[in-house]
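Annotated substrate binding site per Swiss-Prot: SER47, ARG156, HIS232, in sequence order. Look at Swiss-Prot and you will find ASP85 tagged as Mg(2+) binding site.
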Amino acid sequence: MTFRARREVLRTILTGERCIHPGSVYDAISIRIAEDLGFELGMFGGSAASLAVLGDPDIALITLTELADQMRRMSRAATLPVLVDADHGYGNAMNVRRTVQELEAAGAAGLTIEDTLLPQAFGAAKPQLISLAEGIGKVKAALEGRGDPALVILGRTGAVSVTSLDDAIARARAYEACGVDGLFFTGITARDQLDAIAAATTLPIVLGGAPEHMSDLGYLAARRVRVALQGHAPIAAATQAVYETLKALRGGAAPKQLKGLPSAELTAQVMREAEVKRRLRVYLEPGS
């Protein structure tokens, strides 16, 4: 599937009538597993990227180059469309333009640009937002930076939990007026908040998370939520699995005593072993 085709799949999801959960992906193995299990979309979150690439928490330490390189590896490994958390665009509006270009070239189906002030400012006790004017500039730069018009650009705001619901709506409407393809919200914890946002905007909505009492897909779909994230449990589970395996080995366990290891069949599937063997026969065996 071409990069353009992957982007069209994401656009179809956003313009549809359903709400889906994406698979949280962060490397070649996780994206192949998500694809094999039938997920329609992958989500490459900033926290997962920081942990997978750097082993660090999500405090804006990862660079654009590191993020794009990891996205490129996933694009090569599978054809599952991926929505990328591009954080603040790695600088000002000029940097945002470059961010879009790099992630587009890396095969992202879509990306989010947020209005959080990143990295955290000196002396700041809690998250802060950039001004609406600067946020608009970043969104405009993102839209103008894409070479493929099919690349999905989402305006993202965390204003609901940082400033106010009214500010979140004002920012969302401003980003909508700029021409973004959808709106990404974090910090929504109550139905009346989502109801107000849905009533004040017209674009597809992506939720960065929602409490259990708001998890009904029918309710979310009726509020134009087309994608609802469920956190990044896969990388957390992988971390625990590696820890338990190494702990057992360090404690004297024999490899055959280890629990939770994948079957040979699953390992072969994730490695696409059958296809690799076919290529070896075709490319390297005489007379093939």
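Here the Cβ of each residue, glycine as well, is placed from N, Cα and C on the backbone.
By neighbour count, meaning other C-beta atoms within 10 Å, the densest spot among the binding-site residues ARG156, HIS232 is ARG156.
DSSP assigns SER47 (substrate binding site) to a helical segment in the three-state reduction. Its Cβ taken as reference, SER47 (substrate binding site) is surrounded by 19 other Cβ atoms within 10 Å in the chains shown. If you compare every pair of Cα atoms in SER47, ARG156, HIS232, the residues listed for substrate, the longest distance is 18 angstrom. Around ASP85 (Mg(2+) binding site), taking its Cβ as the centre, 22 other Cβ atoms fall within 10 Å, counting all chains.
The two recorded residues, ARG156 (substrate binding site) and the residue listed as 'Mg(2+) binding site', have Cα atoms 10 Å apart.
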